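Engineer: From Swiss-Prot, for reference:
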- HIS12, HIS14, LYS94, ASP239: Zn(2+) 1 binding site (BINDING)
- HIS14, VAL15, ARG16, ASN40, HIS133, HIS243, ALA255: substrate binding site (BINDING)
- LYS94, HIS133, HIS167: Zn(2+) 2 binding site (BINDING)
- LYS94: N6-carboxylysine (MOD_RES)
- ASP239: active site (ACT_SITE)
Amino acid sequence: MEITLFDPIDAHLHVRENALLKAVLRYSSEPFSAAVIMPNLSKPLINTPTTLEYEEEILNHSSNFKPLMSLYFNDGLTLEELQRAQEKGVRFLKLYPKGMTTNAQNGTSDLLGEKTLEILENAQKLGFILCIHAEQAGFCLDKEFLCHSVLETFALSFPKLKIIIEHLSDWRSIALIEKHDNLYATLTLHHISMTLDDLLGGSLNPHCFCKPLIKTKKDQERLLSLALKAHPKISFGSDSAPHFISKKHSANIPAGIFSAPILLPALCELFEKHNALENLQAFISDNAKKIYALDNLPAKKVRLSKTPFIVPTHTLCLNEKIAILRGGETLSWNIQEIA
């Protein structure tokens with residue numbers, strides 16, 4: 001059995017920087033045509049020059065791959081700065097509520113404050129797309145749900161602004177997407193295939209710790225259903241986020257799952273299991289092209305076959321290991337050719 005996927009798109013990707021970028025980028029740049037690149041670096045991408053520098057670094061270490069750059073939402077995003085970014089091809093803003101995830105200490109503390117709303121008004125006028133880490137302070141399993149009132153306010157106040165709920169994790173958010181024309185979402189492999197049991201049902205597995213948390217069986221099943229039918233307002237976004245094993249095995253575990261090396265084989269396996277392979281093309285590419293109005297992307301054909309793929313346990317960077325999701329397991333699908 002074989003399947004060919006055309007122009008895969010990852011609508012939410014972390015490729016880090018410097019040596020770590022060089023170590024992990026190929027896992028995404030080789031099989032994917034494009035990816036929306038997250039701006040939460042150690043020094044966040046708060047303006048056009050820093051964003052373009054990072055874009056150049058990615059382009060210097062990849063080929064036939066389009067990084068879709070995003071700006072880190074901050075009070076310095078004046079109308080002039082947004083116009084400058086737009087002129088250079090930057091179309092995405094990423095809003096991090098302060099302290100909600102990795103490198104979000106510089107995030108937005110007042111989501112409905114006057115400055116935030118002013119920036120969103122300008123973003124709407126210029127046709128930016130707003131990607132939001134939709135969590136607010138509260139009980140860990142309810143953080144996305146607690147952000148619903150903010151999402152509704154944004155959707156109603158800025159009806160022409162496309163708003164993406166990144167890494168949808170709570171089944172209660174589905175109704176919001178279906179209610180508001182300008183609300184969309186991305187789904188990760190881990191949120192549609194894993195639950196809290198994978199994180200802490202046995203021994204604690206730090207390599208399954210992410211934000212937002214993987215949640216209950218009901219959440220996983222409802223989100224998987226969206227993916228399997230390639231809901232037109234949903235696109236695939238891996239949120240692949242590598243960390244060194246030494247950090248993952250520390251007393252202060254960073255959030256992030258490194259899934260990039262297995263994404264397409266694992267999705268084929270999952271969709272085949274549920275008799276939905278015919279919808280994988282839409283989920284992995286077609287929906288994103290429509291939602292984000294993407295064209296002129298590098299053309300790619302990725303041929304996968306139903307042959308065993310033993311997932312490596314890790315990859316290396318500067319003699320440090322980075323654990324790979326499902327490392328040591330055997331997947332039933334594997335990439336045979338990328339053209």
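Heads up, the Cβ atoms here are built off N, Cα and C, so glycines get one too.
Could you place the listed features in the three-dimensional structure?
Structural biologist: Using a 10 Å radius centred on the Cβ of ASP239 (Zn(2+) 1 binding site) and all shown protein chains, the other Cβ atoms total 27.
Just so you know, the Cβ of VAL15 (substrate binding site) picks up 28 other Cβ atoms within 10 Å once every protein chain is counted.
In three-state terms derived from DSSP, HIS167 (Zn(2+) 2 binding site) belongs to neither a helical nor a strand segment and is classed as coil.
According to its DSSP assignment, LYS94 (Zn(2+) 1 binding site) is in a strand. Cβ contacts within 10 Å of LYS94 (Zn(2+) 1 binding site), excluding its own Cβ and spanning all protein chains shown: 24.
According to DSSP, ASP239 (Zn(2+) 1 binding site) is assigned to coil rather than to any helix or strand.
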Engineer: So which binding-site residues out of ASN40, HIS133, HIS167, ALA255 end up within 10 angstroms of HIS14 (Zn(2+) 1 binding site), measuring C-alpha to C-alpha?
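Structural biologist: Hits: ASN40.
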Engineer: Rounded to the nearest Å, what's the C-alpha distance separating VAL15 (substrate binding site) and ASP239 (Zn(2+) 1 binding site)? Just drop the number here, would you?
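Structural biologist: On Cα coordinates alone, these residues lie 10 Å apart.
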Engineer: What binding-site residues among ARG16, LYS94, HIS133 are found with a C-alpha within 10 angstroms of that of HIS167 (Zn(2+) 2 binding site)?
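Structural biologist: Those near HIS167 (Zn(2+) 2 binding site) - Cα within 10 Å - are HIS133, in sequence order.
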Engineer: Given the binding-site residues HIS12, LYS94, ASP239, state which is nearest to ASN40 (substrate binding site) when distance is taken between Cα atoms.
Structural biologist: LYS94
Engineer: Taking the Cα atoms as reference points, how far is ARG16 (substrate binding site) from LYS94 (Zn(2+) 1 binding site) in Å?
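Structural biologist: With distance taken Cα to Cα, LYS94 (Zn(2+) 1 binding site) is 16 Å from ARG16 (substrate binding site).
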Engineer: List, in sequence order, those binding-site residues among HIS133, HIS243, ALA255 whose Cα sits within 10 Å of the Cα of LYS94 (Zn(2+) 1 binding site).
Structural biologist: HIS133
Engineer: If you measure ASP239 (Zn(2+) 1 binding site) to ALA255 (substrate binding site) at Cα, how many Å is it?
Structural biologist: 11
